[in-house]
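Presented below is the structure to which this report refers.
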Amino acid sequence: MFPYFIMLIFCGIPLFFMELSFGQFASQGCLGVWRISPMFKGVGYGMMVVSTYIGIYYNVVICIAFYYFFSSMTHVLPWAYCNNPWNTPDCAGVLDASNLTNGSRPATLPSNLSHLLNHSLQRTSPSEEYWRLYVLKLSDDIGNFGEVRLPLLGCLGVSWVVVFLCLIRGVKSSGKVVYFTATFPYVVLTILFVRGVTLDGAFTGIMYYLTPQWDKILEAKVWGDAASQIFYSLGCAWGGLITMASYNKFHNNCYRDSIIISITNCATSVYAGFVIFSILGFMANHLGVDVSRVADHGPGLAFVAYPEALTLLPISPLWSLLFFFMLILLGLGTQFCLLETLVTAIVDEVGNEWILQKKTYVTLGVAVAGFLLGVPLTSQAGIYWLLLMDNYAASFSLVIISCIMCVSIMYIYGHRNYFQDIQMMLGFPPPLFFQICWRFVSPAIIFFILIFTVIQYRPITYNHYQYPGWAVAIGFLMALSSVICIPLYALFQLCRTDGDTLLQRLKNATKPSRDWGPALLEHQTGRYAPTIPPSPEDGLEVQPLHPDKAQLPMVGSNGSRLQDSRI
């Protein structure tokens, strides 16, 4: 938690504010904003690659949550007992040990069962076997795909249909849906929190959650995990913040927004920790083991440990429905942003009238492609690939992209220019703290975390399964595929830029393009004020502004909205 808050203050909030102000000033997605320095447009392509990877596997997580949600619609949860066809002789469920009726639990456990449960190596829980042997039908190797799990495939189709329908009219429809998906989880969290803290052993779990383990503070992995969590929860370097901010009004106070959203987001994460660990503490008390042996990580917490804890509660199907409904809503909120990022980048980049009118078809095409690319993740080896993408495709590449974005804006475009842009937009320059963080602190912290993460690198594992070398190599290729966009596009831009010498080309490739600045003519003041009214004879590229970002009816050159219909 200590590294988490350090990363929030010195990296999370400053980068969040930078991306919001960046997108809002230009009213462009993660590609269009790089008119600020065309040579670094590869950063935008890197963001798109990251969003593509996350969008593919994140919807698979949502589809598994859908599967558990549908499976909870029963009077007895299917992972409560060991009397199912998929269970093995090693299965030892708590509820199987006594004569239970109506989901009630025994006050105490028989001593022989407690002895058995304390030896976790000899016991597999019914929720773990349900997850591994029934839901996933897990294969023995990442290369052994086996069969596609049709129930998961169906749920994947449902989740993509839901995402598409919520985005069918772009931010107009998703904005309304998010009022529900962003607020209702608080209701569910509060219900689960009240239920959790009233259980026996809840205090033990909460104390485990709050007690610092200072010996881990020197581990680079802890700081790397804190950075990844901040980047994930705030959405930094995905391109989503830039995309969503591009739909804001030009003078919207994005500074206030960034502070409120960042603090609320992280406070929610801490609050959710109380909910999770109160239940895990109850479970540890029930089983007679330490909380550390109950807690799991990754998918294991959401789909093994927590579902098992829910079976111990009265009316367990109700709590299970609420929990997985909350997971679905939280996942959909993220997925909306990822899909909108890709669609907006495509629409803004092509920028002709046809694609502006047919944005729904672009959304449909991206959704269908995402579904097809997610099909292998519903196979028997799918969870191996999901974790591989989660660990490599969007981990250290996010911090590299953020670091280069900071450097390019602060040192290539110039910090004074950017601070003037923000003052023109908001009416005041960014506070001194943010100026220092953008220029020095945030890039330095990101760079050191990246170095230490490389030094303390450990190959990925899943439970006791060690990933083979070729799979790890694929993981690194996925990570590099987003980062490599930056130097490749820089070389491409350098080759096509005019200039007699390499230095002249470098200078021309990094300076802002002629159409950099506020999108609407009414906001183009100061150094952005047009000296000569633009006309079609200027030979400038016509870039229509996205309709959702426009306030005036006519489309002019340079992405401007012109009030004079004759022009």
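Note that Cβ sites are derived from N, Cα and C of the backbone, with glycine treated the same way.
Just so you know, TrEMBL annotations are computer predictions that nobody has curated.
Per TrEMBL, the feature transmembrane segment maps to 6-26 (among others). Here the transmembrane segment (6-26) has Cβ contacts under 8 Å with residues 32-33, 35-36, 223, 226-227, 229-231, 234, 236-237, 241-246, 248, 250, 252, 254-255, 257-259, 261-263, 266, 402, 405-406, 409, 421-422, 425-426, 430, 433-434, 437-438, 441-442, 445-446, 516-519 of the same chain, all six or more residues outside its ends.
Summarising the annotation, TrEMBL assigns transmembrane segment to 47-70 (among others).
Look at TrEMBL and you will find CYS82-CYS91 tagged as disulfide bond.
What TrEMBL lists as transmembrane segment is 150-171 (among others). Tertiary neighbourhood of the transmembrane segment (150-171): same-chain residues 59-60, 62-64, 66-67, 70, 135, 177, 244, 247, 331-332, 335-336, 339-340, 343, 359-360, 363-364, 367-368, 370-371, 374-375, 378, 382, 548, selected by CB-CB distance under 8 Å and a gap of 6+ residues from either end.
The transmembrane segment annotation in TrEMBL covers 183-210 (among others).
Away from its own ends, the transmembrane segment (230-247) comes close to residues 4, 7-8, 11-12, 15-16, 19-24, 26-30, 32-33, 44, 47-48, 50-51, 54, 171, 254, 261-262, 265-266, 269, 334, 337-338, 340-341, 344-345, 394, 398-399, 401-402, 405, 546, 548-549 of its chain (Cβ-Cβ under 8 Å, at least six residues beyond either end). What TrEMBL records for 230-247 (among others) is transmembrane segment.
According to TrEMBL, the Na(+) binding site annotation covers SER233, ASN265, LEU330. The Cβ of ASN265 (Na(+) binding site) lies under 8 Å from the Cβ of SER233, LEU234, each on the same chain and at least six residues away in sequence.
The transmembrane segment feature in TrEMBL is assigned to 259-284 (among others). If you look at the transmembrane segment (259-284), the same-chain residues 6 or more away from its ends with a CB under 8 A from one of its CBs are 1, 4-5, 8, 12-13, 16-17, 186, 189, 192-193, 196-197, 199-209, 229-230, 233-234, 290-291, 293-295, 301, 305-306, 308-310, 312.
The feature transmembrane segment is assigned by TrEMBL to 318-339 (among others).
Taken from TrEMBL, the feature transmembrane segment applies to 360-386 (among others). Sequence-distant contacts of the transmembrane segment (360-386) (same chain, at least 6 residues past either end, Cβ-Cβ under 8 Å): 55-57, 59-61, 63, 136-139, 141-149, 152-153, 156-157, 160, 163-164, 167-170, 299, 339, 342-343, 346-347, 462, 465, 467, 471.
Outside the transmembrane segment (392-412) by six or more residues, the chain places 11, 15, 18-19, 22, 36-37, 39-40, 43, 46-47, 50, 53-54, 57, 224, 227-228, 231-232, 236-238, 418, 438-439, 442-443, 446-447, 449-450, 453-454, 460, 475-476, 478-480, 482-483, 486, 510 with a CB less than 8 A from a CB of the stretch. Under the heading transmembrane segment, TrEMBL lists 392-412 (among others).
Summarising the annotation, TrEMBL assigns transmembrane segment to 432-455 (among others).
The annotation transmembrane segment is assigned in TrEMBL to 467-492 (among others). Same-chain neighbours of the transmembrane segment (467-492): 39-43, 45-47, 49-50, 53, 141-143, 384, 388-389, 391-397, 400-401, 404, 459-461, 509, counting only residues six or more beyond its ends whose CB sits under 8 Å from a CB of the stretch.
Counting only same-chain residues 6+ beyond the ends of the transmembrane segment (183-210), those with a CB under 8 A from a CB of the stretch are 1, 268, 271-286, 291-292, 313, 319, 322-323, 325-326, 329-330. Sequence-distant neighbours of LEU330 (Na(+) binding site) (same chain, 6+ apart, CB under 8 A from its CB) are THR181, PRO185.
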